[in-house]
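Residues or ranges marked as GTP binding site in Swiss-Prot: 166-173, 191-195, 213-216, 283-286, 314-316. For Ser173, Thr193, the entry in Swiss-Prot reads Mg(2+) binding site. For 366-384, the entry in Swiss-Prot reads compositional bias 'Acidic residues'. The domain 'Obg' annotation in Swiss-Prot covers 1-159 and rests on sequence analysis. Marked as domain 'OBG-type G' by Swiss-Prot on the basis of sequence analysis: 160-333.
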Amino acid sequence: MKFIDEALIRIEAGDGGNGCVSFRREKYIPKGGPDGGDGGDGGDVYLIADENLNTLIDYRFEKRFAAERGENGRSSNCTGHRGKDITLRVPVGTRAIDNDTKEIIGDLTKNGAKLLVAKGGYHGLGNTRFKSSVNRAPRQKTMGTPGEKRDLQLELMLLADVGMLGLPNAGKSTFIRAVSAAKPKVADYPFTTLVPSLGVARVDANRSFVVADIPGLIEGASEGAGLGIRFLKHLERCRVLIHLVDIAPIDESDPADNIGIIESELFQYSEKLADKPRWLVFNKIDTISDEEAAKRAKDITERLGWEEDYYLISAATGKNIPQLIRDIMDFIEANPREVEEEEKAAEEVKFKWDDYHNEQLSERGFDDEEDWDDDWSEEDDEGVEFIYKP
């Protein structure tokens with residue numbers, strides 16, 4: 001199935017049903033008082049994370065989703081039915097963004113997580129709501145409010161513990177194949193990897209971590225060269241980045257310069273991503289002697305001023321990979337995801353009609369604590385005000 005990590009859809013919550021103006025009319029009860037019911041609320045639109053999905057391709061073809069409208073109120077104090085909600089299933093790791101305001105509505109980082117993205121319109125109030133000691137026969141109602149409408153940008157960001165960085169043909173896909181059961185395409189030409197992929201690296205029966213491989217970066221990627229830098233977003237949730245470097249490039253380029261290119265593109269994309277823990281791993285040491293590999297790695301790190309540890313591996317032969325995998329696992333266990341990052345709630349999103357009813361009732365001086373008896377005297381019309389509203 002084609003991997004799609006971005007989609008723009010139109011979502012429309014249901015409109016609220018209108019309130020009803022009605023009066024109780026029964027034999028021997030000539031003035032039974034108001035009995036108009038409220039309308040029903042409009043249906044909401046939700047997103048729910050589904051671990052069985054791994055692409056947003058479904059939303060490339062069907063782009064408009066609308067919830068049901070609330071039913072109008074009826075006489076005999078009958079409230080209209082609420083509109084049915086709709087729930088859209090998306091992959092775990094999806095972020096919802098309002099395309100007009102660029103407001104992040106929320107992230108779905110756990111299977112089964114549910115997110116309200118468009119709130120249905122509020123129901124209108126029937127004339128029963130406006131009865132009071134001074135208004136015995138109100139002819140007033142409110143209309144249901146329109147449901148929220150949004151152009152929603154969906155962005156899928158893969159959930160992985162380790163992210164792979166490097167130029168094209170640095171050996172990232174070969175590394176994924178070496179440490180996991182994933183089988184990304186491997187070939188001797190640039191940009192063999194066109195879409196991100198995941199692999200599960202298992203250290204032993206009870207310990208494993210997830211590795212994310214993305215297409216390689218080249219100089220000018222931030223300006224659109226190659227496949228650009230848009231796939232870097234898939235590394236934002238990783239705990240550590242593995243910068244894989246070809247220690248003996250076939251084009252005879254300088255590995256130190258290649259490292260500088262990746263770091264520059266990383267900083268241009270996001271300083272937050274650039275500040276993540278980053279490990280330097282020299283690959284393809286099987287193409288040169290061990291002594292030459294050690295000498296080159298030392299020279300490169302000295303020129304870069306790299307003071308951290310680094311690794312020398314061969315993804316093709318598996319040399320030194322078991323030790324690297326164990327060290328990564330130890331780092332992940334020693335640095336669990338921060339609680340605030342794992343359970344971080346999105347900033348409260350203000351929906352359009354949150355305060356609508358309070359405003360409507362306060363404008364009309366309605367006190368919901370007032371009680372009124374239906375058996376009022378026919379002659380007692382003091383203070384009765386008839387309000388006509390279309």
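Placement of Cβ uses the backbone N, Cα and C atoms for every residue, glycine included.
What you are looking at is a predicted structure, and each value in this text was computed from that prediction instead of being measured.
Note on Val195 (GTP binding site): other Cβ atoms within 10 Å of its Cβ, all shown chains, come to 16. Annotation note: Ser173 (Mg(2+) binding site) sits in a helical segment as assigned by DSSP. Ranked by how many other Cβ atoms sit within 10 Å of their Cβ, the binding-site residues Ser173, Ser314 place Ser314 at the bottom.
Across the domain 'Obg' (1-159), mean pLDDT in this model comes to 89. For the binding-site residues given as Lys172, Lys284, the lowest number of other CB atoms within 10 Å of the residue's CB is seen at Lys284. DSSP assigns Pro215 (GTP binding site) to coil in the three-state reduction, outside any helix or strand. Proximity to Ser173 (Mg(2+) binding site), defined by a C-alpha to C-alpha distance within 10 angstroms, is shown by the following binding-site residues from Val195, Pro215, Lys284, Ser314: Pro215.
In the three-state DSSP classification, Ser314 (GTP binding site) falls within a strand.
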